[in-house]
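Annotated in TrEMBL:
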DOMAIN    41-292  domain 'G-protein coupled receptors family 1 profile'
TRANSMEM  26-48  transmembrane segment
TRANSMEM  60-82  transmembrane segment
TRANSMEM  102-120  transmembrane segment
TRANSMEM  132-154  transmembrane segment
TRANSMEM  205-226  transmembrane segment
TRANSMEM  238-260  transmembrane segment
TRANSMEM  272-294  transmembrane segment
Amino acid sequence: LSYPTNISLSELHLTGIPGLQHLHHWISIPFCIMYLITLAGNSILLCLIKADPSLHLPMFLFLSMLAVIDLVMSTSITPKMLSIFWFHSTAISLDACLTQMYFVHAFSVMESGLLVAMAFDRYVAICNPLRYLSILTSPIVAAIGLATLFRAVVFMSPLTFQIRRLPLCSPAVVDHSYCEHMAVLKLACGDAAFSNTYSLSVSTYVGSFDSLLIALSYLLILRAVLSLSSPQARKKAFSTCGSHLCVMALFYIPGLLSMYMESYHQELPPHIQVLLANIYLLIPPAFNPLIYGIRTKQIRDGARRAISR
C-alpha cells in the first residue's frame, strides 16, 4: 500500500496488520466472527439480566457492567479494523484516532477494575455467604462501578491530552490496526519520553495491582473450597475458578506483552505485536458472556424462563 507523504496531520493512516496485508481478508473472518459473538452474547446477557428479577443480584449487576464495557471496547475498534481489512479504508482523522485511543484504553482499565470487583464478589459469596447481600448492597455495587469509571478517566485523560499537544511527523502511518497509544506515539516529533513513561507506569500499575488482587481473592476462595467436605462442591468451584482465571490470563498477558514489546523495541515481528494487542481486546469480550454467563446456573435458568414465557 502506498500512502501520500504530504498529508496534513489532521489525518493518519492505519496499516492494519503490518506485513500481513495480503492475508487481511482471511484474518478478517475470525475477527468478524468474534465481534458478532461479542455483540450477540453480551446483548442477550444484558436482556436476560434486565428481564429476570431473580438475577438482580450483585454478581449479575457486575456482569451487566462487564457486558456494557465489552460492547463499547470491541465496537470502538472492530468496525474500523474490518473496513481496513475489507475496503483498504486506512485513513482516520486525528480526532477520531484520539477518541478511539481514549475509549480503548479507558475501557480496558475499567474492565480490569471490574474483574477485581467480580473476584471480590465471588470471594464474599463463597467465604461469607450469609452476609453476602448485607456486604454487597446496591449502593456499594454502584459505588464500585463508579470507582472503576473514575479511575479509568483519571488515568487515561492525561495520555490523550499529551498526544494532542505533541507535534506529529509525516508520513502519518500508524503500524497498527487501531490507534494504540504506543504506535501513535512513534509519530511524535517532540520529546515523547514523559508520555512513554506515563503510559508504561499506568499499564504496569493497573496490570500488576489488579491481577495481584484477583490472585489473592482466588487463593482465599480455593482455601475455602478445599475445606468443603463434598468432592462435588470442590469440583464445581475448581471448574468455575479455572475458567474465570483463563479469561483473565487472556486479558492481562497479551495486553501487557504487546505494550512492553512496543516500548522496549524487542525484536518481535510487528504482526505478532499487533495480533497480541488485538487478541486482548477481541477474545475476552467474546468469551466473557460464555464463561461468566452460560456456565452460571442462574443465567441458564433465567434463559429457560425467558424462552418458556
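Keep in mind that glycine also has a Cβ here, set from the backbone N, Cα and C atoms.
Contact between the transmembrane segment (272-294) and the transmembrane segment (60-82) is supported: at least 3 Cβ pairs lie under 8 Å, counting only residues 6 or more apart in sequence. Within the same chain, the transmembrane segment (60-82) stays apart from the transmembrane segment (205-226): fewer than three Cβ pairs sit under 8 Å, each pair at least 6 residues apart. Across 26-48, 102-120, 132-154, stretch 102-120 shows the highest tally of CB pairs under 8 A with the transmembrane segment (205-226). Within the same chain, residues 17, 20, 55, 63-64, 67-68, 70-71, 74-75, 78, 81-82, 85-86, 278, 282-283, 285-286, 288-290, 293, 299, 302-303, 306 sit at least 6 positions outside the transmembrane segment (26-48) and bring their C-beta atoms closer than 8 Å to a C-beta of that stretch. Mean pLDDT, taken over the domain 'G-protein coupled receptors family 1 profile' (41-292), works out to 85 on the 0 to 100 scale.
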